[in-house]
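Okay, structure first, notes after.
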Amino acid sequence: MESSFPFGVILAVLASLIIVANALVAMAVLWLIHKNDGVGLCFTLNLAVADTLFGVAISGLITDQLSSPAQPTQKTLCSLRMAFVTSSATASVLTVMLIAFDRYLAIKQPLRYFQHMNGLVAGASIAGLWMVSYLIGFLPLGVREFQQTTYKAPCSFFAVFHPRFVLVLSCAGFFPALLLFVFFYCDMLKIASMHSQQIRKMEHAGAMARAHRPPQTPSDFKAARTVAVLIGSFTLSWTPFLITSMVQVACQECHLYLVLERYLWLIGVGNSLLNPLIYACWQKEVRQQFSQMALGVKKGLTAFLLLLWARNGGPEGSRESSHHVTTISYSEPDG
């Protein structure tokens, strides 16, 4: 695939948005963890960190698209870049799975979940997740069957990695994970529906009736809704790329690399931008934290401007200083 200036510009804009959006979500979630000591939010923080690192990793590919062909990236450096890109993307996908599993356990077995879920368990889960992610990302560097026999700049995924690597990832990881996602969501929806029916029966019996209280959405439905949106964005973003890569393995005469790397891969990259937007739009506590952060920035900016205004003496001070300068300029000839 030849270098393309428009593709490099699109990649640069996308990488910048991914880094900024996920960094903001990471700061908001980190502040929420500090205030509420929420263990489950650690997984959300890890998702934002993984997507931020993914944005940083793909930013290294921008120079290859914008630079001249006279200075190509070496194959070893390109392989390391794509290994870090793959590791960060894998960590993002595995964190989505971990969030879905965490919400599933919290709804399925709430008492046991709150007894056993603590910071140590969350930290061990996240550490194991990153170990698996880097193992998968750097796997092609140790398996020749997953490497391309020839290398042609610019640096890209299929310039160094063979499509059969994506085939193995799809069959051994993506599609089993997708089936597991569907199972989690269906079971969560079933449990949430049962809880909702129990609440309605109790309200109808008068056990929870209070002066025409407006109906509320159970937290189980909210958790299931968030998981459904995460699963949907994850599936829609990466499925076209993975399926087309499998077609490329089956059909060696088909030259689908341009479509894979210029269009379908960008759709998958966009998933790392959708994740922070989902949490910013669907999680009430994250929205509230963003509002508090914006209010804090507004107060700080206002205080800074007032301080500058006070140091300059305000309009009266500036008027007096200008009058004083005028007086000195007229008094100099008399001396």
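From the backbone N, Cα and C atoms, a Cβ is placed for every residue, glycine too.
Some features that TrEMBL has for this protein:
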- 324-335: compositional bias 'Polar residues' (COMPBIAS)
- 21-279: domain 'G-protein coupled receptors family 1 profile' (DOMAIN)
- 314-335: region 'Disordered' (REGION)
- 6-33: transmembrane segment (TRANSMEM)
- 40-62: transmembrane segment (TRANSMEM)
- 82-105: transmembrane segment (TRANSMEM)
- 117-141: transmembrane segment (TRANSMEM)
- 161-186: transmembrane segment (TRANSMEM)
- 223-243: transmembrane segment (TRANSMEM)
- 263-282: transmembrane segment (TRANSMEM)
Intrachain residues whose Cβ lies under 8 Å of the transmembrane segment (82-105), provided they are six or more past its termini: 40, 43-44, 46-47, 50-51, 53-54, 56-58, 60-61, 112-113, 117, 125-126, 129-130, 132-134, 136-138, 140-141, 155-157, 160-161, 174, 177, 180-181, 184-185, 187-188, 223-224, 226-227, 230-231, 234, 238, 268, 271-272, 275
Whether the transmembrane segment (40-62) meets the transmembrane segment (223-243): three or more C-beta pairs under 8 angstroms: no
Confidence summary for the domain 'G-protein coupled receptors family 1 profile' (21-279), mean pLDDT rounded: 83
Same-chain residues at least 6 beyond the ends of the transmembrane segment (223-243) whose Cβ lies under 8 Å from its Cβ atoms: 93, 96, 99-100, 103-104, 106-107, 166, 169-170, 174, 178, 181-182, 184-185, 188-189, 192, 260, 264-265, 267-268, 270-271, 274-275, 278, 282-283
